[in-house]
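Visitor: The structure under discussion is supplied below as structure tokens; questions concerning it will follow.
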Amino acid sequence: MIRVAINGFGRIGRNFARCWLGRENTNIELVAVNDTSDPRTNAHLLKYDSMLGKLKNVDITADDNSITVNGKTIKCVSDRNPENLPWKEWEIDLIIEATGVFVSKEGATKHINAGAKKVLITAPGKNEDGTFVMGVNHHDYDHNLHNIISNASCTTNCLAPIAKVLNDKFGIIKGSMTTTHSYTGDQRLLDASHRDLRRARAAAINIVPTSTGAAKAVALVIPELKGKLNGVALRVPTPNVSMVDFVVQVEKRTITEEVNQALKDASEGPLKGILDYSELQLVSSDYQGTDASSIVDANLTLVMGNDLVKVMAWYDNEWGYSQRVLDLAELVAEKWV
């Protein structure tokens with residue numbers, strides 16, 4: 001079992017903690033949290049969540065220096081500079097880097113300098129040792145080579161399993177993606193300054209077009225797709241659950257039924273638990289709290305001219321993604337030597 005600390009107790013940090021609390025027989029131990037908020041505030045936000053509801057059957061208390069969950073003490077510290085954190089003293093093995101700030105190798109290395117052994121970035125990284133999407137390229141993780149790793153983005157985690165199935169089965173020539181994405185904390189509640197003039201506009205009353213590197217990032221986990229994919233995002237006035245609209249030109253001629261069958265087979269086989277498949281007539285709120293990275297909405301699959309394929313898939317961009325962060329952390333623990 002390895003000792004884990006969370007840096008940044010925001011949406012992903014707290015979702016990760018809840019995932020960890022709910023998982024049996026995990027091989028990681030959550031021992032510390034670094035966040036700018038105080039332990040009592042963080043304990044309250046962990047217990048009461050607008051999306052996830054109240055954390056039931058869990059006793060949570062806090063004091064000036066820790067949060068206690070069912071008798072288990074999680075140490076708390078508050079320092080914006082990772083190099084000042086007591087990771088060596090607390091014998092921390094792995095940092096879950098969830099601030100969205102220290103996403104570069106240079107930034108994440110500050111945790112290593114403070115005594116941690118490895119860092120898992122919960123966002124697209126910059127010059128990291130490796131990016132891994134569970135179910136797609138997680139088998140490439142090498143304990144001896146990969147000390148600063150990225151779990152990619154929630155959208156890449158939704159898109160990559162579908163891209164893998166379509167590329168393996170039909171061969172992707174090129175493609176584009178649009179994610180209809182719930183608003184996030186990076187946007188403004190009311191109009192206010194932002195480096196992205198569209199994200200500067202009120203999130204809860206606008207459809208906000210913005211950039212995303214999620215499609216290009218697929219090439220980090222499926223190298224043969226480098227230069228073949230791109231995409232955009234539409235941030236919409238919902239607090240959680242998003243949807244990918246993926247359109248590709250394929251080499252092998254096909255029909256809608258064959259595409260859906262390939263996706264269904266993958267969801268029941270090699271990608272079980274990562275990719276899900278649904279023929280139900282559902283809407284976004286029905287997928288709140290879904291563990292899978294990607295849920296194909298089979299009724300929306302289209303094929304035009306036997307070579308233009310459109311697949312749409314839901315994803316819980318907080319909970320589903322946090323489950324994959326935990327999966328990757330457990331993989332790191334499994335490979336620890």
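Even glycines carry a Cβ here, placed using N, Cα and C.
Got these off Swiss-Prot a minute ago, pasting:
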BINDING   Arg11, Ile12, Asp35, Arg80, Thr122, Asn317  NADP(+) binding site
BINDING   Ser153, Cys154, Thr155, Thr184, Arg199, Thr212, Gly213, Arg235  D-glyceraldehyde 3-phosphate binding site
ACT_SITE  Cys154  active site, nucleophile
SITE      His181  site 'Activates thiol group during catalysis'
Visitor: Cα of Thr212 (D-glyceraldehyde 3-phosphate binding site) to Cα of Thr122 (NADP(+) binding site): how many Å, rounded?
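Guide: Cα-Cα distance, Thr212 (D-glyceraldehyde 3-phosphate binding site) to Thr122 (NADP(+) binding site): 15 Å.
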Visitor: Taking only the Cα atoms, work out how far Thr184 (D-glyceraldehyde 3-phosphate binding site) lies from Ile12 (NADP(+) binding site), in Å, as a whole number.
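Guide: So the Cα of Ile12 (NADP(+) binding site) lies 11 Å away from that of Thr184 (D-glyceraldehyde 3-phosphate binding site).
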Visitor: Would you measure the largest Cα separation among Ser153, Cys154, Thr155, Thr184, Arg199, Thr212, Gly213, Arg235 for the D-glyceraldehyde 3-phosphate site and round it to whole Å?
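Guide: Spelled out: the longest distance between any two Cα atoms in Ser153, Cys154, Thr155, Thr184, Arg199, Thr212, Gly213, Arg235 is 19 Å.
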Visitor: To the nearest Å, how far is the Cα of His181 (site 'Activates thiol group during catalysis') from the Cα of Cys154 (D-glyceraldehyde 3-phosphate binding site)?
Guide: 10
Visitor: Just how spread out is the NADP(+) site if you go by the largest Cα to Cα distance in Å among Arg11, Ile12, Asp35, Arg80, Thr122, Asn317?
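Guide: Across Arg11, Ile12, Asp35, Arg80, Thr122, Asn317, the widest Cα separation comes out at 26 Å.
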Visitor: Below 8 Å Cβ to Cβ and six or more residues apart, same chain only. Which residues does that give for Cys154 (D-glyceraldehyde 3-phosphate binding site)?
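Guide: When sequence neighbours closer than 6 are ignored, Cys154 (D-glyceraldehyde 3-phosphate binding site) has Ser242, Tyr315, Asn317, Glu318, Gly320, Tyr321 within Cβ distance under 8 Å.
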Visitor: Among the binding-site residues Arg11, Asp35, Thr122, report those whose Cα falls within 10 Å of that of Ser153 (D-glyceraldehyde 3-phosphate binding site); none is a fine answer.
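Guide: Candidates kept after distance check: Thr122.
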Visitor: Using Cβ-Cβ distances, find the residues under 8 Å from Ile12 (NADP(+) binding site) that belong to the same chain and are at least 6 apart in sequence, listing them in sequence order.
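Guide: Long-range Cβ contacts: Ala98, Thr122, Glu318, Tyr321, Ser322, Val325.
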Visitor: Among the recorded positions Arg11, His181, Arg199, Arg235, whose Cβ has the fewest other Cβ atoms within 10 Å?
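Guide: Output over recorded positions Arg11, His181, Arg199, Arg235: least Cβ neighbours within 10 Å is Arg199.
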Visitor: Which one is it, among the binding-site residues Arg11, Asp35, Arg80, that lies nearest to Gly213 (D-glyceraldehyde 3-phosphate binding site) by Cα separation?
Guide: Arg11
Visitor: Of the binding-site residues Arg11, Asp35, Arg80, which sits closest to Arg199 (D-glyceraldehyde 3-phosphate binding site) by Cα distance?
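Guide: Checked the binding-site residues Arg11, Asp35, Arg80; minimum Cα distance to Arg199 (D-glyceraldehyde 3-phosphate binding site) goes to Arg11.
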Visitor: For the binding-site residues Thr122, Thr155, Thr212, which Cβ has the most other Cβ atoms within 10 Å, all shown protein chains included?
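Guide: That would be Thr122, with the highest Cβ count within 10 Å.
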Visitor: Please report the Cα separation of Arg235 (D-glyceraldehyde 3-phosphate binding site) and Arg11 (NADP(+) binding site) in Å, rounded to an integer.
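Guide: Cα to Cα, Arg235 (D-glyceraldehyde 3-phosphate binding site) and Arg11 (NADP(+) binding site) are separated by 17 Å.
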